[in-house]
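Enquirer: Below is one structure. I have some questions about it.
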């Protein structure tokens, strides 16, 4: 409660201080009963289905269709699709809880299940009712895949460097170009595609690109070989080439020329989910490390009794809990329709770094066994690295964070956003 002096100095009435006190009592970090049930159901599926199958799919690299179908039947796939389009209609926070739980079992299998999320976001942001009913409705009805096609061989972090172009002819657009590292590309029923619609290289990004929904069976689309990646190996990643691909004008997402804003806006919705994936991996690292430390003996006692190991476990726990807080906050920002670029970037950046440090510590705690594929932490370390790369590298997140805080400080005299 504010003191009488503080109340007077700030110009707050007694009624206002009462409201402030009431609001402070309403702040809670507890999940609702429904959210706890969602989390428990996802974690049960993760431990019973994903954990036992993780190593097999990591070795084979096969896409986990049967597991994807099971997840869809349980409502764990694309849970953020609104009920009006046939989906579960879960919040961004509830979706993050599912991603975290599934990633505890295997981030590669999780990506197979939740990979369409990034393609869903721009449709949700900029799609008209007909587009949402058709494309979101299809994802809700069946366990199918959709892909986000923006990255190119020469345009990763620099989205303004996209070379894929589109040309309007009558009631159609003709798309030509090549996209790289497309998650789910080998199985996608439709693609979100960003193409340059203004041939002037000096045109501002906000007016130079147009976004499309492109059906996967459109003539002129070719799918490259499945990439052999360091981690998350069952995730299907490919190059997608568009050669004179004709797309009806009705498949433009948002206004012509406004594609860059649509593509970037999707990240505010999806980065909390990516952060949640990193959380799940870090959580698994901590559990595996604690279990091993209580069993493995060295110098006549369990290694958990050695301070060097205790400190690594403590560091993992500290960062995991902090990453979880900012991830949940960034997800809640989306649900509350608060502009979330700042917190979403912090969550994605910190959770990604947390996952990588947790994996490094886990391997260290396991010692020589941690370097061997017979133990789970070797795979966790390989899977962790991509979180510092995809959906915006950790360096790009830091650029976003610094620009926003400096701009806010210049305008408001404080870095607190």
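Just so it is clear, glycine is given a Cβ too, placed from its N, Cα and C backbone atoms.
Pasting the relevant annotations from Swiss-Prot:
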- 391: active site, proton acceptor (ACT_SITE)
- 148-157, 181-183, 296-298, 306-307, 364-368, 393-395: FAD binding site (BINDING)
- 157, 268, 269, 270, 271, 392, 403: substrate binding site (BINDING)
- 1-13: transit peptide (TRANSIT)
Enquirer: Excluding near sequence neighbours, so keeping only residues 6 or more apart in the same chain, what lies with its CB under 8 A of residue 269 (substrate binding site)?
Expert: 92, 121, 124, 125, 334
Enquirer: Distance check, please: Cα of residue 148 (FAD binding site) against Cα of residue 403 (substrate binding site), rounded to an integer number of angstrom.
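Expert: About 26 Å separates the two Cα atoms.
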Enquirer: Return the residues near residue 157 (substrate binding site) by Cβ distance under 8 Å, restricted to its own chain and a separation of at least 6 in sequence.
Expert: 392, 393, 395, 396
Enquirer: What is the separation, in Å, between the Cα atoms of residue 268 (substrate binding site) and the residue listed as 'active site, proton acceptor'?
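Expert: Their Cα atoms are separated by 10 Å.
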Enquirer: Could you tell me which three-state DSSP class residue 366 (FAD binding site) falls into?
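Expert: For residue 366 (FAD binding site) - judged by DSSP and reduced to three states - the answer is helix.
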Enquirer: Give me the largest Cα to Cα distance among 157, 268, 269, 270, 271, 392, 403, the residues the record lists as binding substrate, in Å as a whole number.
Expert: 20
Enquirer: Check residue 156 (FAD binding site) against DSSP and tell me helix, strand or coil, would you?
Expert: coil
Enquirer: Would you identify the secondary structure of residue 183 (FAD binding site) according to DSSP, in three states?
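Expert: Reduced to three states, the DSSP call for residue 183 (FAD binding site) is strand.
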